[in-house]
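Below is one structure, written out as structure tokens; comments come after it.
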């Protein structure tokens, strides 16, 4: 594996291999490259938690992390991302984690640059390490994917996580449903069949995966005030009581407390929200190891 | 010690313990945690010198310092500081140094998060590591606090340093006086008794502790031009000549040369201004060690 | 060597020593200081590639690099650069790399501060490590400087690289010519004699050194659209065919593809553009070693 751009690049075998490596790191195993190895995190869109998680994963593997401030970069002087990556390669960087708002920014990169690239999120497209950490969290809980019912609640059309997860979970044998404001699904044929009412989903789901409402993307579409959204499409304390006994709650963070989920449920027994954050570090360590250890 | 929020959390015994550890580091001793340990510096208010000093202290102890750019953080997306700290904890960060403009921002944190926290300055409240480095500088000079006369010159009401220092020095047996523009003291009963005229203080003080004028905080109150302030309330070359032979000059920096202190005195024989900066690193190493070594 | 401010500080012997050390690093040699050593990169002007290159050089030598965000620094609170450097020195920083827009900002620093300083570029003045990496690239290619014909194409008056390189190459025995829009040379007697037409230079130059057009500096002077500049003063595919067989193309980057040089030539056989970037790291390692290893 030289790059990780999209979950679609991974076979179910690849996914299972990565999950095994990630679980080994979660169990306390360690690994370091034989030679001094340099990583850079190119985040052209702000992201505290994904960037911190990669930074932590890189440090735990003993990598040297070269700081990169996108705000003052040559990209702003008109340099293309391709030239920036070629520069980083010439400087001696081994692996770059890239987040960029352009969908599939990486399409042509693999052929033109030799530096290894991990996609840290592109536009409304992919976010493969987030998908993998979600898979790891589910696998830890249930030991398998076959036969699980997973419901993703929120704005599927703008969510990197939702797309990657739907594909991966389906490939691994889970049944995936979607819920949330119906107007967010109109015209998206991919999700039409899988749509369920939230109150119905609550009753049968093993995993309830809440998406973050991205207020910045819904200026026009979403006119609902936060309390109303919570009542209609959020996980309220009342809804949580109707969930199956062994079921779990997931959310990629950062959480809008009292909107997607009741404040009191964030740290509740069914919540795996902080577990997901922990698993993010182990998952990114696994991806880095698979890419660097060749 | 799990956190350090305020000098008020420390008994005089605690202070003396920390000063002993800091002095040991100043003498060249070293200490490193047994396991890879992660620190993060959360500075929501800009501060070059305090941030650099913590960063240096952390590196000297062999900690991994995870960069955090407050400008692009999720806090701006509406996440609470509590949730940010819980995220950092889940990611695996062991200790966070926090500076924030809100007074006593830490009040509820100790009960809700497990990550260890060091207060790097809150609003007009506390700045405990600055106080400790001031104490270390005085201790190195005089070997004791009992009976020393310390005069703090400047805007006590807006100074984190002045408040913490007054309390700590008094507890340790020193006598603390205050001076500066009288209008900055009106209505503050805590300092009324201790007010002295600068020219009187010059004659009897063992330590003259000058505060930085924070122009940004005195738009309305302070109408004095810099030269006038210097003449009335600054340490002029003339005043310095009347100081006691063994007395010292302190300033937390950054210095407004020619305002709080004459340009020529910053590097003078009595000045401990750069010594204070050196001691800042040793003091922060001591606080980190006491918090991490359990 | 305690500092490196300008190529004028270096004798040809010094230059050759540094190039030998840099080549040793290029050949895979390594060196690390005996004690934990701290570096800081003070870039008051943005620069991705120079900053990244220094950062990489510092890490390869095992230095601890203390992050410094010029945007939030005390310099903005009115502190002088001298006081910032004295603070860094007191904190324990061993070496500072400084970039600043003021010409010869370093004039008085060497006498007043003890911290070691490497000039990472000043105004329109010097950029010594860029010059040294250019020299290394030429030396690797031709094994010598004597008798080589080097033509620098672009805006000599605003280019740090061009000035340093002209002086150094001349001192080392090369013959240096200049080309580009004639209006950029009017009134600069230093370059009047050396001016050649580009189409003439193409035929005799061993090294064609293209400068980056700095659009930000030419609002009034340069009225030429990019395509026109390329046609008149750029290295077109057609011109490249008339270059001498063993000749090479250099550019300090970032490249404006299709302006100073045809897009297709950036990665062409004669281009040493990415080699220069690689050599930048080795050169900076050499300068750091010469400054730290005493």
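Just so it is clear, glycine is given a Cβ too, placed from its N, Cα and C backbone atoms.
Per TrEMBL, domain 'Aspartate/ornithine carbamoyltransferase carbamoyl-P binding' is recorded for B:3-140.
For residue B:49 (carbamoyl phosphate binding site), the same-chain residues 6+ apart in sequence whose C-beta sits under 8 angstroms from its C-beta are B:253, B:254, B:277, B:280. Per TrEMBL, carbamoyl phosphate binding site is recorded for B:49, B:50, B:99, B:127, B:130, B:253, B:254.
Annotated L-aspartate binding site per TrEMBL: B:77, B:160, B:212, in sequence order. Less than 8 angstroms from the CB of residue B:160 (L-aspartate binding site) sit B:121, B:122, B:123, B:124, B:125, B:126, B:127, B:130, each of them six or more residues away in the same chain.
If you look up TrEMBL, you'll see B:146-290 marked as domain 'Aspartate/ornithine carbamoyltransferase Asp/Orn-binding'.
Confidence over the domain 'Aspartate/ornithine carbamoyltransferase Asp/Orn-binding' (B:146-290), given as mean pLDDT on the 0 to 100 scale, stands at 89.
Residue environment of residue B:212 (L-aspartate binding site) contains 18 other Cβ atoms, counted within 10 Å of its Cβ in all protein chains.
Secondary structure of the domain 'Aspartate/ornithine carbamoyltransferase carbamoyl-P binding' (B:3-140) per DSSP, as helix, strand and coil residue counts: 66 helix, 23 strand, 49 coil. Counted over every protein chain shown, other Cβ atoms within 10 Å are most numerous around B:127 among the binding-site residues B:99, B:127.
Of all the binding-site residues listed (B:50, B:130), B:50 has the fewest other CB atoms within 10 A of its CB. What surrounds the carbamoyl phosphate site, by Cβ distance within 8 Å of the Cβ centroid and not counting B:49, B:50, B:99, B:127, B:130, B:253, B:254, is the set B:47, B:53, B:121, B:252, B:280 from the same chain. The distance from the Cα of residue B:99 (carbamoyl phosphate binding site) to the Cα of residue B:212 (L-aspartate binding site) comes to 18 Å. Helix, strand and coil residue tallies for the domain 'Aspartate/ornithine carbamoyltransferase Asp/Orn-binding' (B:146-290), in that order: 66 helix, 22 strand, 57 coil [DSSP]. Pairwise Cα distances among B:49, B:50, B:99, B:127, B:130, B:253, B:254, which the record gives as the binders of carbamoyl phosphate, peak at 17 Å.
Distance from the CA of residue B:212 (L-aspartate binding site) to the CA of residue B:50 (carbamoyl phosphate binding site) is 14 Å.
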